[in-house]
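First comes the structure, then the notes that go with it.
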Amino acid sequence: MGHFTFIGLCLLAMFLSLSGAECYTCPIDWLPKNGLCYKVFSNPKSWLDAEMFCRKFKPGCHLASIHRDADSADLAEYVSDYLKDDGNVWIGLNDPQKKRTWVWSDRSSSNYFSWNQGEPNNSKNKEYCVHLWAPTGYLKWNDAPCETLHPFICQCKY
């Protein structure tokens, strides 16, 4: 009886220690970060096609949204390692109403921005989607025409 009591207490202790822990598993070759999983895709797509591609993984998947400097730095490092500064990368920020009101495709709050100097500039009045800008090591953002083909980064909650 003592052996079963010991095992039971061990299982209870393990359960209690994990009950508040975040538990998720990202697919192989996805980056786990703050309860989300991120993956860079190097096959260039328009912003809308990239967003639709991300959504096909499972409900709640979108182009990546970035809300803090620390997350921006981590994703920039991940993208740099993956692409080796080979092209800009779509993220989920866009201006669907074309009124310079930026929103994330996952509808999360948009109170953090990391624009490159002079951006967003809406060059030729046709830049309504946002990419991580390769010349800045993917740390800064640039608005661009949504039809432009770029690699992209998806985020999913698993």
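Keep in mind that glycine also has a Cβ here, set from the backbone N, Cα and C atoms.
The record in Swiss-Prot lists a disulphide bond between C54 and one of C146, C154, namely C154. Candidates considered were C61, C129; the recorded disulfide partner of C146 in Swiss-Prot is C129.
Comparing CA positions across the recorded positions C26, C37, N121, E127, C154, the one lying closest to C146 (disulfide bond) turns out to be E127. What surrounds the Ca(2+) site, by Cβ distance within 8 Å of the Cβ centroid and not counting E127, N142, D143, is the set E119, P120, N121, N122, S123, C129, V130, H131, W141, A144 from the same chain.
When the CA atoms are compared, the recorded positions lying within 10 A of E127 (Ca(2+) binding site) are N121, out of the candidates C26, C54, C61, N121, C154, C156. In terms of Cα spacing, the disulfide-bonded residues C26, C37, C54, C61, C154, C156 all stay beyond 10 Å of N121 (N-linked glycosylation site).
The 10 Å shell around the Cβ of C129 (disulfide bond) contains 27 further Cβ atoms across the protein chains shown. A distance of 22 Å separates the Cα atom of C129 (disulfide bond) from that of C37 (disulfide bond).
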